[in-house]
Amino acid sequence: MGSISPQKPPHAILVPYPAQGHVNPLMQLGKLLHARGFYITFVNTEHNHRRLIRSRGQEFIDGLPDFKFEAIPDGLPYTDRDATQHVPSLSDSTRKHCLAPFIDLIAKLKASPDVPPITCIISDGVMAFAIDAARHFGILEIQFWTTSACGFMAYLHHIELVRRGIVPFKDESFLHDGTLDQPVDFIPGMPNMKLRDMPSFIRVTDVNDIMFDFLGSEAHKSLKADAIILNTFDELEQEVLDAIAARYSKNIYTVGPFILLEKGIPEIKSKAFRSSLWKEDLSCLEWLDKREPDSVVYVNYGCVTTITNEQLNEFAWGLANSKHPFLWIVRPDVVMGESAVLPEEFYEEIKDRGLLVSWVPQDRVLQHPAVGVFLSHCGWNSTIECISGGKPMICWPFFAEQQTNCKYACDVWKTGVELSTNLKREELVSIIKEMMETEIGRERRRRAVEWRKKAEEAISVGGVSYNNFDTFIKEVILQQQTQ
C-alpha cells in the first residue's frame, strides 16, 4: 500500500445517517482509516451529537488531535429528544436541510490552518447530498452503503417496480390478499425473490411516499459517486455483487465485515472509540460469562424498531416459557408511545435465567460463546455482526431491507428461521426450542460457523476484503491526493 506521510496525512470527512445502525459502521470505517494514518473529521447531526455527549461524555466528543467530531443541523425540532426515531421525518429533513450547513462546514475546514487539506468525503449512502457538496469543492466523494449488497440492489430497482406497474398498489388489500407472494424475477443476481422479500418501502399506494422515493432516489444518486463501498464480503453475496458491477458500476469495493477487520487495528487511542447513542450496560458480559456455551437466546430489535405492548408481552412469555436463558434488550422507547411494562409474575418466572437491559455492546455479545442464537430484526449491521460471530438467527424483520436480509439468512445462507409478523408466544417457544434443541437448529449453527470462517478468511492478510481495502485506499483515495 502507498505510504502515508504523518506530515501530510490524507483527511477524510465521514458523514453517517443519524441512526445507530449507520453511525456504528461509519465509526468502524473511521477507526480503520485512522489506523492507516488518516486525519478524520466525523460529522454527526446536532441531535446525535448531543446524544453522544449524553451517552459517552464530553471527553468523547472532544476527540483526538487527528480524529475530530463536528455537527451540522438536521432540520428537526431541537426540543424533541426522540426526533431521529421517526425515520420518514428524519430522512425527509436530512435531504432538504443538510446540504447548506455541510457546505459551510467544509468551507470552515478548508479555511482552517489547523487541519490538513480535505482528501475525500465518505458519506452514508442515504446522505447523498454530500455528493453535491463534494462537487461544489471538487473533492473526491465516496458513498458507503450500510445495507447488504442485496438490499442496495433492491433499492436500485424501485423505479423498475413502477415501470412494470407493480407499484403503487391500488389499495391496502395487497397486504393480505396474496399479492406479496408474487415472484420478482427481473432483478439480476437475486433469484427466487417475491414481493414480500423486497424492502418494505415498496408497500405503498402512492409513489410519492417519502421512504419509497427517498431510498430509490438516494440509491441511484449514489451511482454518481467516485466509488461505493459495502460492509460485506464477496463470497457472502457474490451473485448480486457481480450483477451490480456488470449493470451499474465497477467502482464498488467490498471491505467487510468491519467488525472483524477492526480487530486488526493496532492499540491506538481511536480503537477504544465506541459510538453508541445509548449507554451500554456492560454487566451483561459478566452475566454471559456464567452461562454454558450456546445456551443463551439473545434478543435485540435494533435502534428504531417499535412494538406494541401486546407484542412485548407475547415476546416476554414466549421467552419465559421456552425455559432457555435469555438476554433481552428492551430500549426505553421500544413500545410505541408508552413505557415498556411487564407483569411482576413474568419477572418472578425468569429471575434465574433471564436478563433485561436497555442497551449492550452488541459486537461483544455476539462474539460471546454463551450466545446460542440471535433473535434479530435483521438490520444489516446486526446481520453482519451475527455472521461474524458465527451465530444462527431467529428473524423478525420490521422494515426497510430487513425483509431482504431475512430472505437471504433463511433461504440462501441457511443460518436463520423466520417468525410470523403477528407473533404469538406459542410460536416463539416452538422456534426457540427448534433452534436450541433439534437437528434443524444444530445444522443452522453449523452453517453460521462456516460463514464466520469465510468472513475471517476475507479479512485476513491476503483475503479478498483485506486486499479490497488496501486497493480502495491506494487506488481511490491516495491516488487522488497525489494528483
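Note: Cβ is positioned from N, Cα and C throughout, glycine not excepted.
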Of the candidates Thr119, Thr146, Thr179, Thr205, the one that Swiss-Prot places in the UDP-alpha-D-glucose site of Val360, Gln362, His377, Trp380, Asn381, Ser382, Glu385, Glu401, Gln402: Thr146
Inter-residue Cα distance where the pair is His22 (active site, proton acceptor) and Thr146 (UDP-alpha-D-glucose binding site), in Å: 6
When distances run from the Cα of Ala400 (anthocyanidin binding site) to each of the recorded positions His22, Trp380, Ser382, the nearest one: Trp380
Cα proximity to His22 (active site, proton acceptor), best match among binding-site residues Gln362, Ser382, Glu401: Ser382
Extent of the UDP-alpha-D-glucose binding site in Å [max Cα distance among Thr146, Val360, Gln362, His377, Trp380, Asn381, Ser382, Glu385, Glu401, Gln402]: 23
Pairwise Cα distance for Asp124 (active site, charge relay)/Gln362 (UDP-alpha-D-glucose binding site) [Å, integer]: 21
Recorded positions: Asp124, Glu401 - member with fewest neighbouring CB atoms within 10 Å: Asp124
